[in-house]
Each structure stands twice: as structure tokens, then as C-alpha cells.
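Participant: Can you keep this structure in mind? I'll have questions shortly.
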Amino acid sequence: MKRIGVLTSGGDSPGMNAAIRAVVRKAIYHGVEVFGIYYGYAGLIAGKIKKLEVGDVGDIIHRGGTILYTARCPEFKTEEGQLKGIEQLKKHGIEGLVVIGGDGSYQGAKKLTEHGFPCVGVPGTIDNDIPGTDFTIGFDTALNTVIDAIDKIRDTATSHERTYVIEVMGRHAGDIALWSGLAGGAETILIPEADYDMNDVIARLKRGHERGKKHSIIIVAEGVGSGVEFGKKIQEATGFETRVTVLGHVQRGGSPTAFDRVLASRLGARAVELLLEGKGGRCVGIQNNQLVDHDIVEALANKHTVDQKMYLLSKELSI
């Protein structure tokens, strides 16, 4: 294999640039040309493809976002769109593709694989919801962003003796809510993977108040429901002064943590190795701090599950 491509797709995550850097430098080290595909699958279809040199990925390891940009692309879900993409890859002499992104990006890589084009998926999403890996690129950075917000909000919650509801990202996965809530000492954590009883939430808040607790922090994953509506219900049911903070897209930005930079470097380099070994149709990950790879079709057939023991621990510690 003499020429490979790399793209980022779907929602951006801190550390994507570190992964791009690793792909480019690893490939060039082995004498392979690398082409950056801009704006994800939409850019692939449109032929927004440019050769990348070592200098193009200098001074980016610490930067959030993605220098290749990203975009949603409904057209690539169609066979016609997929064939247009393959036509562009062949036009540029690209023989293998590294796809950095989340579940939707993996679905695109799977389709290319089914058309006979070698692809390797690299997990890049703050949601940490990709099967076959303990951690995804960007999760640790987003987690630290949320924890920083929790710590600051707790300061003002204490000063004003208020209850605060903090809504975090996670439409289908509760990892950000669970991990940040546990690390931030939240009194209640609500995630999409677990049912909750509003009466129980209110009863817990009242018990804490009776014990002399002057403030509370509640973490709500967006997939559970609106943090604003949740806050209204709590104030109406308890009479406690309640405020709501929706963290939103701040969770996707920022300079990646050391963990995410190292993770991205390891996974990006391993993706190139797999292509050079002739192993397309794979996705890379890290499990028990060891690099692993899986068949991308089999990986997508599985479902990411939240750590139930950690969830139970969070409930035990928030009495």
C-alpha cells in the first residue's frame, strides 16, 4: 500500500488532531503518502482531498477540533453516495482509509468495507459509546471540562444554598454524566441507561436537607430529558431554590488532555499499521491499556454498555 487517506466525521472531539498527526507521521515514516479528506464523507464525495506532509501536522497535537474539519453527510448513507466516494478515492490513487469518528462514521467505514475498500476505524467521540474500546478519543477531555464546571458551580451553590441541575451531553450514553458525577460528588446522577423515579430523587433531596445539607448537585444526561424541565419539577416539589446549567458544546472543545493525546497517537498509529498489514475492515481500540482491533461489522453489532457497578457505586456514595 503506497497511498492512504484520513478523514474525520460526525461530531468533533478533542484529540482528533493528535490522531491525524499520528496517522500522517506513521505513514510517512513507512514511505506511504497520506491524503487528507476535508469535511468528512461530504468532502470525500466532493473530492476535497489534499496530500499531507509532515509539516501540515506540526503544532496540532495540543489543539482541539480537527484540522480536516467535519460535517454530516446524509448522502453517504445511500449506495450512490458511497460509490461516488470510492470513485474519488480511486481517482487519487488512495488504497486504504482511516476514519476517525463515532458510530455514524463507523457505519460509513463499514459500507466502504462491504464495497471492498479497506478501512480502519478510530474511535473519536466525547460520548465514549463505541463498542470494542474502553475509552474513545475526547472523552477524557470532555470529562475534565465537566468536572471543572461542577467544581465551580458547587462553589456558588454552597454560597447561595441552592440546588443545581447540570445537563451534560449524552443522548444515548451516560458515560459523561456518570463519570463526571462520581468525580464531582454529585448527589444524583441520571443516565439514559437506567430508569429513575422522580419521587425517589425528590425524597433523597429532602432527606439531605433534613440532615442539614444546604446545597445539592444533580447531573442529568441530555438523553434523560431537559435539564430545565427537570429543575422546574424539583423546585415545585421541594420548594428548594433551583438553578439549571446546560453545558452544551463547551464539552466538545478545548485542548486535549495528556491522556487523550497519548490515546489518539497510539490508536492513529495502530490504524496505519493495520492497513499496511493488509487488514482492512477493522476498528482499533484500547482495552485494559492494551491496543486491540476488531472486525468493524462485529463491533457495530455490539452495543456499548455503561458500567453498572460504577452506577451503583455512585448511588451508594450519594446518600
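Glycine is no exception: its Cβ is also placed from the backbone N, Cα and C atoms.
Heads up, here are the entries from Swiss-Prot:
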ACT_SITE  Asp127  active site, proton acceptor
BINDING   Gly11, Arg72, Cys73, Gly102, Asp103, Gly104, Ser105  ATP binding site
BINDING   Arg21, Ala22, Val23, Val24, Arg25, Arg154, Gly185, Ala186, Glu187, Arg211, Lys213, Lys214, His215  ADP binding site
BINDING   Asp103  Mg(2+) binding site
BINDING   Thr125, Ile126, Asp127, Arg162, Met169, Gly170, Arg171, Glu222, Arg243, His249, Val250, Gln251, Arg252  substrate binding site
Participant: Taking Cα atoms as reference points, which of the binding-site residues Cys73, Gly102, Asp103 is nearest to Val250 (substrate binding site)?
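Facilitator: So, of the listed binding-site residues, the one sitting closest to Val250 (substrate binding site) is Gly102.
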Participant: Which one is it: of the binding-site residues Arg25, Glu187, Arg243, whose Cα lies the shortest distance from the Cα of Cys73 (ATP binding site)?
Facilitator: Arg25
Participant: Among the binding-site residues listed here, Arg21, Arg25, Arg171, whose Cβ has the fewest other Cβ atoms inside 10 Å?
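Facilitator: Selected from the binding-site residues Arg21, Arg25, Arg171 on minimum Cβ neighbours within 10 Å: Arg171.
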Participant: When the Cα-Cα distance from Asp103 (ATP binding site) is computed for each of the binding-site residues Thr125, Met169, Arg252, which gives the smallest value?
Facilitator: Thr125
Participant: Between any two of Gly11, Arg72, Cys73, Gly102, Asp103, Gly104, Ser105, the residues recorded as binding ATP, what is the biggest Cα to Cα distance in Å?
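Facilitator: Result: 14 Å between the two most distant Cα atoms.
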Participant: Go through the recorded positions Gly11, Arg25, Asp127, Gly185 and tell me which ones have a CA within 10 A of the CA of Arg171 (substrate binding site).
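Facilitator: So far as Cα distances go, the recorded positions lying within 10 Å of Arg171 (substrate binding site) are Asp127.
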Participant: Please report the distance from the Cα of His215 (ADP binding site) to the Cα of Arg243 (substrate binding site), rounded to the nearest angstrom.
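Facilitator: On Cα coordinates alone, these residues lie 11 Å apart.
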Participant: For the binding-site residues Gly11, Gly102, Gly104, Gly185, work out the Cβ neighbour count at 10 Å and name the residue with the minimum.
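Facilitator: Counting other Cβ atoms within 10 Å of each of the binding-site residues Gly11, Gly102, Gly104, Gly185 gives the minimum at Gly185.
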Participant: Around the C-beta of Arg72 (ATP binding site), how many further C-beta atoms are within 10 angstroms, looking at every protein chain?
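Facilitator: Other Cβ atoms within 10 Å of Arg72 (ATP binding site): 14.
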